[in-house]
Amino acid sequence: MESKNKLKRGLSTRHIRFMALGSAIGTGLFYGSADAIKMAGPSVLLAYIIGGIAAYIIMRALGEMSVHNPAASSFSRYAQENLGPLAGYITGWTYCFEILIVAIADVTAFGIYMGVWFPTVPHWIWVLSVVLIICAVNLMSVKVFGELEFWFSFFKVATIIIMIVAGFGIIIWGIGNGGQPTGIHNLWSNGGFFSNGWLGMVMSLQMVMFAYGGIEIIGITAGEAKDPEKSIPRAINSVPMRILVFYVGTLFVIMSIYPWNQVGTAGSPFVLTFQHMGITFAASILNFVVLTASLSAINSDVFGVGRMLHGMAEQGSAPKIFSKTSRRGIPWVTVLVMTTALLFAVYLNYIMPENVFLVIASLATFATVWVWIMILLSQIAFRRRLPPEEVKALKFKVPGGVATTIGGLIFLLFIIGLIGYHPDTRISLYVGFAWIVVLLIGWMFKRRHDRQLAENQ
């Protein structure tokens, strides 16, 4: 590959650490958590802890391979190297499909959040505006992207911490609630902690895993990280603490100060909770934060697909034109392709603004879980491929080795079973498997084309 089509290593440890902090703090938490709360009640806290453990196992498996061999197409390349070309092809394209679906959910959420302030403006106008703005940002240098993502993430992380502190002020001292402490009795006084039974908590796991979708972007940043051996482990090791603080902490506060069964879905439950309590100033600030979070998520979505398609083009799994980069090292063709695909979200928000999110979230969960399964299978094959002395020399090993990875794999297969069990999300399983069939057909055509090219040479 010519040097002019190479990506540039412009992401510092600071950029990558905050991308790790911010990557999973987005639409799944700020908006999708409402559906998870409805399914499980307060026991959704336990679901987020269980899902968080699985997410950390996936990140450690990806981190082990990323530190050993940092590459822009990351898990697609690892699947190709360890499981074969077909696995790499399916993984790369399914990740692009996943992130496109997630991005549609993110831009849809952006329109919903803007609707809180401007209820008379159609959602699709906001969706179109944000798609064009993010496209422009991603056509600049990777350093501009990293800097913008740093400040997006810094702002939402800082505000969530302030919100948690303020929430404890309401819980303990009644600040902003007329001096009346709310306590934490709401966690059990509306049907108990397991208000919808154990089954409700288990069923919520699919929405919980949607919230964690996107964390795998840290593997993709390895190709543009200045010092992947330091930055990747630091970023991944921050995962357990951020799950406890940002997911469990925020939802603990929300469900303590406001009954879980009155959390609505007409906007972010974070915003609606403060609105219902009459603290409109806090609600307005939080709406601005969730807007920032969705912008950050869309920004990362476009970045992730762009780098994945670029790497796949280098591997021969995507059209060669996708490997083209600008003078600044930006894969501009793939950024424009992603932007064009996102215009479909504008159309969806025009024809069915009320029902877009839940359908898209379940479809994204299937694609996300599929990619995670391929990451874990790649790590198992990667370990088997290495001689024992090289396994010992690995700089960032999965704790517990392959046994831990297999445990994560069983959990993810269970999540796919849940998607098929739930009537509202079963269709996403059909669409997901149809997507895999389409990819297999595409692979057959690709192989035939490659053979013809080889014969003609």
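Cβ atoms are placed via backbone N, Cα and C, with glycine included.
Sequence annotations record features per position, and here Swiss-Prot assigns topological domain 'Cytoplasmic' to 1-17 (among others). Restricting the average to the topological domain 'Cytoplasmic' (1-17) gives a pLDDT of 55.
Sequence-distant contacts of the topological domain 'Cytoplasmic' (60-84), counting only residues of its own chain at least 6 positions beyond either end whose CB sits under 8 Å from a CB of the stretch, comprise 7, 90-92, 95, 216, 218-220, 222-225, 228-229, 232-233, 236, 307-308, 310-312, 314-315, 317, 371, 374-379, 381-382, 385, 394-399, 404-405, 408. Annotation source Swiss-Prot lists topological domain 'Cytoplasmic' at 60-84 (among others), citing sequence analysis.
Residues annotated as topological domain 'Periplasmic' in Swiss-Prot, with sequence analysis given as evidence: 106-113 (among others). In the topological domain 'Periplasmic' (106-113), the DSSP tally of helix, strand and coil residues is 8 helix, 0 strand, 0 coil.
Swiss-Prot lists 135-156 (among others) with the feature topological domain 'Cytoplasmic'.
If you look up Swiss-Prot, you'll see 178-197 (among others) marked as topological domain 'Periplasmic', on the strength of sequence analysis. Sequence-distant contacts of the topological domain 'Periplasmic' (178-197) (same chain, at least 6 residues past either end, Cβ-Cβ under 8 Å): 39-43, 170-172, 252, 255-261.
Positions annotated as topological domain 'Cytoplasmic' by Swiss-Prot: 219-242 (among others).
Positions annotated as topological domain 'Periplasmic' by Swiss-Prot, on the basis of sequence analysis: 264-277 (among others).
According to Swiss-Prot, the topological domain 'Cytoplasmic' annotation covers 299-331 (among others).
Annotation comment: Swiss-Prot describes 377-399 (among others) as topological domain 'Cytoplasmic'. Under DSSP, the residues of the topological domain 'Cytoplasmic' (377-399) split into helix, strand and coil as follows: 15 helix, 0 strand, 8 coil.
Annotated topological domain 'Periplasmic' per Swiss-Prot: 421-424 (among others), in sequence order, evidence recorded as sequence analysis.
Annotation source Swiss-Prot lists topological domain 'Cytoplasmic' at 446-457 (among others). Listed as Cβ neighbours of the topological domain 'Cytoplasmic' (446-457) (distance under 8 Å, sequence separation of 6 or more from its ends, same chain) are residues 89, 316-317.
What Swiss-Prot records for 18-38 (among others) is transmembrane segment.
Residues or ranges marked as transmembrane segment in Swiss-Prot (evidence: sequence analysis): 39-59 (among others).
A Cβ distance under 8 Å defines the sequence-distant neighbours of the transmembrane segment (85-105), meaning residues of its chain 6+ beyond its ends; these are 27, 32, 73, 75-79, 213-214, 216, 297-298, 301-302, 304-305, 308-309, 311-312, 315, 317-318, 338, 341-342, 344-345, 348, 356-357, 360-361, 363-364, 367-368, 370-371, 374, 377-378, 435-436, 439-440, 442-443, 446. Taken from Swiss-Prot, the feature transmembrane segment covers 85-105 (among others).
Per Swiss-Prot, the feature transmembrane segment maps to 114-134 (among others); the stated evidence is sequence analysis.
Taken from Swiss-Prot, the feature transmembrane segment covers 157-177 (among others).
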Exercise. Against which stretches of its own chain does the transmembrane segment (39-59) lie, if we need a Cβ under 8 Å and a gap of at least six residues from its ends?
Worked result: 24, 33, 186-188, 190-196, 198, 200-205, 207-209, 211-212, 215-216, 218, 236, 239-240, 243-244, 247-248, 251-252, 255, 260-261, 372, 375-376, 398, 404-405, 407-408, 411-412
Exercise. Does the transmembrane segment (157-177) reach the transmembrane segment (243-263), going by 3 or more CB pairs under 8 Å (6 or more apart in sequence)?
Worked result: yes
For this session: May I ask which of the stretches 114-134, 198-218, 278-298, 332-352 has the most CB pairs under 8 A with the transmembrane segment (400-420)?
Result: 198-218
Exercise. Of the listed stretches 198-218, 243-263, 278-298, 332-352, 425-445, which one has the most C-beta pairs under 8 A with the transmembrane segment (114-134)?
Worked result: 332-352
Problem set entry | Tertiary contacts of the transmembrane segment (243-263) (same chain, 6+ residues out, Cβ under 8 Å) | 24-25, 29, 33-34, 37-38, 41-42, 44-45, 48-49, 52, 55-56, 157, 160-161, 163-164, 167-168, 170-171, 177, 182-184, 186-187, 189-191, 195, 211, 269-270, 272-273, 276-277
Problem set entry | Three-state composition of the topological domain 'Cytoplasmic' (299-331), taking helix and strand from DSSP | 21 helix, 0 strand, 12 coil
Exercise. Is the transmembrane segment (332-352) packed against any residues at least 6 beyond its ends, judged by a Cβ distance under 8 Å, and which are they?
Worked result: 100, 103-104, 107-108, 111, 122-124, 127-128, 131-132, 134-135, 138-139, 301-302, 305-307, 309-310, 321-322, 324-326
